[in-house]
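I have placed the structure first, in the form of C-alpha cells, so that the comments after it can refer back to it.
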Amino acid sequence: MSESALNTAIQAIARGLPLEESVLEGAFDTLLSGEAAPEEVGAFLAGLTVRGETANELIAGARIMRRHGRSVSVEGPLLDTCGTGGLPWKSLNTSTASAIVIAAAGGRVAKHGNRSVPPKTGSADVLEALGLQLELSDTAFKSCLEIAGVGFLFARSYHSAMRHVAPIRHKLGIRTIFNLLGPLSNPAGAEYSVLGVYDKQWVTPMAEALKALGTRCAWVVHGLAGIDEISISGPTDVCEVTPASIRHFQITPSDAGLPSHPLSTLEGGAPEENTAAIRDLLDGREGPFRDIVLINAAAGLHVSGMVADLPAGVQRAAQAIDSGAARETLNTLVRTSRESD
C-alpha cells in the first residue's frame, strides 16, 4: 500500500488535489523506509515545495518521522528551543545559547539540532566546538539532562532514516518539507517549545501542526527582519499554541524591556567565531547577542510556565548569566557528555 500511496500522492500534487491522511502517511513511510526510487523522492518533495506544504502534510510527515526515529523516554516536562534554519545569512547560535541560559535558570531543555552546511554553523557544530560529545546513548543524554539541566539530541543519531532522502534533498538544492519536520520531531517528545521559522508563511501551519501533535505550550516565531527566532531588530510574529487554542500576536524588544539592535550586529560565521560569541556572552559581555539571547530565553521560560511574562523572563535569564550559573551549566554539560557511559 505504501508504494501506491507515494504514487497516488505524486499524482494528486501534480493535479493540485488535497491529500488524504492515509495517503500522506503511506508516502512518507515509503520515503523513510528507503523503498522509493530517487525520481519519486524528488517528484514528491519538489511538488510539495512548489505547491506549498499544508499543516496536514506537516502533521503526517512528523508522525511518520517520529515513528521511524529513535526516541528517548524522559519523565517530566521538557522544553526545546529550535529553528528551521534556512536563513540567507550566517547567524550566531541564538537558540543554542538560549537553551544553556534557560537550563541555568532552572528549566529542563532537550535541545534538538543538527549540523549546518558550511559556511553556516549549526547547533551541533557550535556545541562540538565548545567541547560537547555529540553522539550520546540514551543514558548519557539523561545524565546530561539530570546533572546540567540540558541535553543535546543530535538529529543525525536519532533520525537515521533521513539518509534515504538526504542525497535527493542535496541534489534538489531547495528547501523541502523536511526542513520543517525536524523541529516537529524532538526525540524526547518535548511538550514545550520555542520554534523559529525562516518565513512568515510557516508560522500558522507549524502552530497547527504542534497543536495536533500534542504540544502543551509553544511559541512559533518569525522575526520580521528575516530570522527564525525572536528578533532584537524589530517585530516578531508569534503563534502561541496550547491544547485549547492558537493565539496570534506580535512582540517587539521593548515589550521585554530591551533595546533594539541592527540585524547586521548579529552576523555569525565559522564555529570558532560562534563559539567565541557564546563564551563571551556567558562571561558577561553585554551587547546585541546578549539581548537576543535574553529575549529568546525569556520566551522559553515563559512557555515553560516559569515566569509570568517576558520582562520577568529577561530578568531571570540575566541573573543566570551574571551569576556565572550559565557558564557553569555549559561546563557541566560538556563534562557530563564526555564522562557518561
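Heads up, the Cβ atoms here are built off N, Cα and C, so glycines get one too.
According to Swiss-Prot, the anthranilate 1 binding site annotation covers Gly83, Asn114, on the basis of sequence analysis. Around Asn114 (anthranilate 1 binding site), taking its Cβ as the centre, 20 other Cβ atoms fall within 10 Å, counting all chains.
Here the Cβ of Gly113 (5-phospho-alpha-D-ribose 1-diphosphate binding site) has 28 other Cβ atoms within 10 Å, regardless of which shown protein chain they belong to. Annotation comment: Swiss-Prot describes Gly83, Ser91, Asn93, Thr94, Ser95, Thr96, Lys111, His112, Gly113, Asn114, Arg115, Ser123 as 5-phospho-alpha-D-ribose 1-diphosphate binding site, evidence class sequence analysis.
Less than 8 angstroms from the CB of Glu229 (Mg(2+) 1 binding site) sit Gly83, Thr94, Ser95, Val194, Gly196, Val221, Gly223, Ile292, Asn296, each of them six or more residues away in the same chain. Residues annotated as Mg(2+) 1 binding site in Swiss-Prot: Ser95, Glu229.
Arg169 (anthranilate 2 binding site): 18 other CB atoms within 10 A of its CB, across all protein chains. In the three-state DSSP scheme, Arg169 (anthranilate 2 binding site) is classed as helix. Annotation source Swiss-Prot lists anthranilate 2 binding site at Arg169.
The Mg(2+) 2 binding site feature in Swiss-Prot is assigned to Asp228, Glu229; the stated evidence is sequence analysis. The secondary structure of Glu229 (Mg(2+) 1 binding site), as reduced to three states from DSSP, is coil rather than helix or strand.
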Ranked by the number of other Cβ atoms within 10 Å of their own Cβ, which of the binding-site residues Lys111, Arg115 ranks first?
Lys111
Taking Gly83, Ser91, Asn93, Thr94, Ser95, Thr96, Lys111, His112, Gly113, Asn114, Arg115, Ser123 as the record's 5-phospho-alpha-D-ribose 1-diphosphate-binding set, what's the max Cα pairwise distance in Å, rounded to a whole number?
18
Spatial separation of Asn93 (5-phospho-alpha-D-ribose 1-diphosphate binding site) from Asp228 (Mg(2+) 2 binding site) - C-alpha basis, Å:
11
Near Asn93 (5-phospho-alpha-D-ribose 1-diphosphate binding site), how many other Cβ atoms are within 10 Å of its Cβ?
27
Tell me the Cα distance separating Arg169 (anthranilate 2 binding site) from Arg115 (5-phospho-alpha-D-ribose 1-diphosphate binding site), rounded to the nearest angstrom.
15
Look up Arg115 (5-phospho-alpha-D-ribose 1-diphosphate binding site) in the DSSP assignment and report helix, strand or coil.
coil
